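Per Swiss-Prot, the features are as follows:
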{"type": "ACT_SITE", "residues": "H5", "note": "active site"}
{"type": "BINDING", "residues": "E25, D27, D85", "note": "Mg(2+) binding site"}
{"type": "ACT_SITE", "residues": "H41", "note": "active site, nucleophile"}
{"type": "DISULFID", "residues": "C45-C51", "note": "disulfide bond"}
{"type": "DISULFID", "residues": "C47-C190", "note": "disulfide bond"}
Amino acid sequence: WIMGHMVNAIEQVDEFLNLGANAIEFDIDFDKDGIAQITHHGIPCDCGRKCTKKAIFTEYLDNIRQVTTPDDPKFREQLVLLALDLKLRRISSAKAYRAGEDVAKKLLDHYWQRGNSKARAYILLNIPLVEDYEFIRAFKDTLKNEGYESYNDKVGINFTGNEDLDKIRDVLEILGIHKQVWQADGITSCFARGTERLKEALKKRDTPGYNYINKVYAWTLVRKSIMRRSLRLGVDGVMSNNPDRVIKVLKEKEFADKFRLATYNDNPWEKFRG
């Protein structure tokens, strides 16, 4: 999975897909009451990027629904995963549950259209810290209460704050989540990051019977040398400001026979058995 990073303006979707991404990440900004308003990162952000691009969240969902719906004029077959980077650190932790309700309802109304949409992308909920876990509980409660629990099959969980992996496992256990879990490891492209935690996550992913990590990705990679390093370690995905660079690295002799781009037929919730 090549995840285009910070794809917050509607016009950026095609831009990143044209560069080779098969997944996109966008930022969800909330008001003080936990209501999702816009796709927007804000300052500071990655080096060399404009931090201020944005769109109305519901309008963004309406567009991305079309882009991921077969037979729609806007359909792009390669886009199979949507990562929602939830900016919950900007609101009170007491509002995390309200935020989870709101995002679930907006996805129901504008992406899935309560069963009337054929939009097919998988959804990854990127949660900043484990203390925000009430967002997940609310999201799942809302799908159940609204009568659309089946959409849980399309939704995965990912904690992005580089916290202790055992601490994350404990929270997933509290929530009763034993599947459909990704684990991110990384830092803004402005800084270097070691591989200790990334290696630990990959080791847990590959441990038989360990159900709290199905996929691991590294972020935000812009240098080809770091992309190569991550691929050698065996990551499932790379988040990048430059998907075209990832494509070029994947075509190199060292990686061409070991990796390929994920398609819709690849289940993002299953561990890869090479």
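Backbone N, Cα and C define each Cβ position, glycine as well.
Shown on the structure are the features that Swiss-Prot records.
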| residue | record | Cβ contacts under 8 Å, 6 or more apart |
| --- | --- | --- |
| H5 | active site | E25, D46, W219, T220, M239, S240, N241 |
| D27 | Mg(2+) binding site | M6, N8, T39, H40, H41, D85, K87 |
| C45 | disulfide bond | M6, C51, T188 |
| C47 | disulfide bond | T188, S189, C190 |
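Other Cβ atoms within 10 Å of the Cβ of E25 (Mg(2+) binding site) number 25 in total over all chains. For the residue listed as 'active site, nucleophile', other Cβ atoms within 10 Å of its Cβ number 22. Taken residue by residue with DSSP, E25 (Mg(2+) binding site) is part of a strand. Around D85 (Mg(2+) binding site), a 10 Å sphere centred on its CB holds 24 further CB atoms from the protein chains shown.
Residue environment of C190 (disulfide bond) contains 13 other Cβ atoms, counted within 10 Å of its Cβ in all protein chains. Within 10 Å of the Cβ of C51 (disulfide bond) there are 15 other Cβ atoms, across all protein chains. The Mg(2+) site, placed at the center of the C-beta atoms of E25, D27, D85, has further neighbours from the same chain whose C-beta lies within 8 angstroms: H5, M6, V7, N8, F26, I28, T39, H41, A83, L84, L86, K87, N126.
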